[in-house]
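Input: a single structure, listed below in structure tokens.
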């Protein structure tokens, strides 16, 4: 312990420099993403999307689902009309990708806020040394909000079955009794109110939290800490109350007929573990550049534990949702998994298996030992594949409902992820330069610096 | 764990205790004669236990026809009580395992009694499984043993068999975890023993503990691994209990949120029960310096958080029942809130969702009397939750001609009383004969979390130098 | 710890002091047999020079054994010995078996781990160890030095080293 006795808040301050070299690299990546995307779109328009698309997926796609689903058995709640089936437009694949990435990166951004709030709420000491990193993430909400809004306004009907023309209108040829029954919740106005409302609350609370947190660097004292705890509590309450709703809105309502009470917590668990992986990866990359010297292998060990534990938690939530639906085998529910397992000429089956492998077996085996959790390269590999795995998880949640048999992994997907990821890196790096990487007046900082497990 | 603790944290041990004081304060009631209060409490719970045992014996003798079940409501208090007790039995392992993994130092003063409570609660739950069977002497048929009628096996696809495995694994692993935690403390009592009998018995169960650094290092690893596997275990138990219902296709039972929501409910009721018992224990055994207001407050915060999670789950279920467009689901939920059992539903809502919100006020969550009262309210509410889920989902059959109500007989009530008798008898025996606070763990965190920690000796020596 | 061995014991009353004392005493070329404490002290085993325990590996092995046993039993009974169609599922209904398999894994891990721990530390009911100091399980930290294994250093030097490192008592047993 004696080795650390010279620790004092003054000598921990360090500023991240987003060098022009670094900026250039991120911008090149962005441009590469755009090029790939444009090329992908060009190929799509020619009908050659690349990837695993199966050309004649068309109408027989969810045959298995159709057979299992029969309306009189189930009180009429059978889903058998994925949005993509009729009037398929090749541009839908672009919008599906935009929506997928916007939701995925919104999650990463807001988990930054969730992580910091949770640390305040539980009065955790160890994490105070790294809290500036997740604290910078929510800045990206400013990017995803307009994207979500634009896609919703202009191409919402490409994504959401319930936005199709006439589905709630009695007598219309598209009329769908079940969807009409949900229109009290699923309608444009209410959807928008919720979307904007959640973002407003999140961004608002983050702005206050960030402001107070930066003030703490200047003033110190415990008053600001108490205020930060209050803001965090408010955020957790808001996030807890909204956690199920945004999952229903942005993802579950794509498969409009289908429903699962578990879905909100399932999507949250996916976001959460992805967020943890991104936090870990960011810290490791910063350390590689020589920053954050006070974050030692003990802190990394804890981050590793969190990724390990929440990968298992994700598995628990995913599996029990699956098991209950599989076991009861009710047509209106099981169709969701049939579609992903054997529907659409089985184009989703590989992803489904890969996803469970990457999100459970891989982190479970890689992060099991103590040494792995304390070794940077293992953590990097695990974090990277957790992020990839959960991207696939979101792909599985969104694509079958939007694109049906027309989905695939091609240049569009690759380009879109690259564009979003480089934008995310740019925005977060920029935000990181605005404050010391270590919150020097955090009252728990001495605990974190002496953290030893 | 380092001793660097931020000064803004509340103290967890008060009164300037030294290590030796800890040993003395905790061992006192193990070594002393039983107090008058203890004798009364133990006597009363034994009487309750004997009366309950009579009821249970009568149930077995006559068959479960003595319960108020009917063709429509074929599962009522028996399974309600089972789920209720299993739920209560979650807090102990949660406190010792999950809070150990999260390095919450406040767990050290309360984990021992919480774990003991867990084990007794799970035993009570198990007694309802046996009561259910009607022929408890054939209980081993639930195990995968090839039986006398050919090699017919238990059905591993049945959630009830999952339950047998979950409960028995949970009980035995919790017992193991608890016992291994006791070993160093039993050694303390062994080494202080003044009578031969005590030296023999505590010596026997302390397994020859010496306290060597090598053993301790392994011991810490063992505790961490046990905690690591107990955490998913404790989640799995209530998950599997919830699957007894959720794998079925009964409206109101088949919903995917059941597993995590049951787990949250279990933590909620378990913490409430720990709160109830600790508030009594700390006064009776004069442990106010170890189980401080800070501990009580932490427990109340956990109760508020889990109560709110449960509340969100209630609303989610209700919402999705409407959103699904399945009329049977919608009916089941509307019937819960407005049907003949509306009072049970609103009892559950008030006790579980609304009452814990009072703890948002610091004055309320640090008030001992209110905490005690609300901890009981929470468990009343949690009993009603299970009753609502089970009975109101069953009592409206698909065929209106089969609609029925349930009313308990005195044997339903008597068997429930039995479980209270069993629980408190065991708890009082534990409180008398075993250390109710984990001495070794409290000592290990005392530096930094103890107020006025006596460091005088060290200071004087320094000046000598 | 048979009574024929000759021990010099340094008794300390503070966990940080004993931790420092260990490295201090070791630096004088004295081999420490072990340190006995009322509660675990973080880093003490490393300081004394014990090897890291391999208990986690044992636990993992028991886990794998439990997993294998559970899955074998279930698939033997449900698929081969007495197959029955339950809920319209295949005989090999793997998702349905996960709960019991999980419980079996945990059960084997927990019991295997604790039994290994007890065996490796010579803990068993009825074991009556020859205790070096009865206050170890109360509030004293005792450093034990085996005189026979420290031929190079005289007993007096050992005693002095212990005293210098902050021991409040030095006893011989």
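Using the three backbone atoms N, Cα and C, a Cβ is placed for every residue, glycine included.
Per TrEMBL, the features are as follows:
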- A:26-44: transmembrane segment (TRANSMEM)
- A:98-120: transmembrane segment (TRANSMEM)
- A:140-163: transmembrane segment (TRANSMEM)
- A:191-209: transmembrane segment (TRANSMEM)
- A:229-251: transmembrane segment (TRANSMEM)
- A:263-286: transmembrane segment (TRANSMEM)
- A:306-327: transmembrane segment (TRANSMEM)
- A:347-365: transmembrane segment (TRANSMEM)
- A:377-395: transmembrane segment (TRANSMEM)
- A:407-428: transmembrane segment (TRANSMEM)
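Long-range Cβ contacts of the transmembrane segment (A:306-327) within its own chain (Cβ-Cβ under 8 Å, at least 6 residues beyond either end) map to 260, 262-263, 265-266, 269-270, 272-273, 276-277, 280, 333-334, 336-337, 356, 359-360, 363-364, 367-368, 373, 379, 382-383, 386, 390. Contact between the transmembrane segment (A:229-251) and the transmembrane segment (A:26-44) is not supported, since fewer than 3 Cβ pairs fall under 8 Å when only residues 6 or more apart in sequence are counted. When each of the listed stretches A:98-120, A:140-163, A:191-209 is scored by C-beta pairs under 8 angstroms to the transmembrane segment (A:377-395), A:98-120 comes out highest. Long-range contacts of the transmembrane segment (A:191-209) within the same chain: residues 110, 113, 116-117, 135, 138, 141-142, 145, 148-149, 152, 228, 231-232, 234-235, 238-239, 242, 245-246, 249-250, each at least 6 residues beyond the stretch ends and with a Cβ under 8 Å from a Cβ of the stretch. Here the transmembrane segment (A:140-163) has long-range neighbours at 81-83, 89, 91-92, 95-96, 98-99, 102-103, 105-106, 108-110, 179, 182-183, 186, 188, 191-192, 195-196, 199, 202-203, 206, 250, 253-257, 401-402, 423-424, 427-428, meaning same-chain residues at least 6 beyond its ends whose C-beta is under 8 angstroms from one of its own.
Same-chain residues lying 6 or more positions outside the transmembrane segment (A:98-120) and placing a CB less than 8 Å from one of its CB atoms are 127-128, 131, 133-141, 143-144, 147-148, 151, 159, 202, 205-206, 209, 228-229, 231-233, 235-236, 239, 250-251, 267, 270-272, 274-276, 278-279, 390-391, 394-395, 398-399, 402, 416-417, 419-421, 424.
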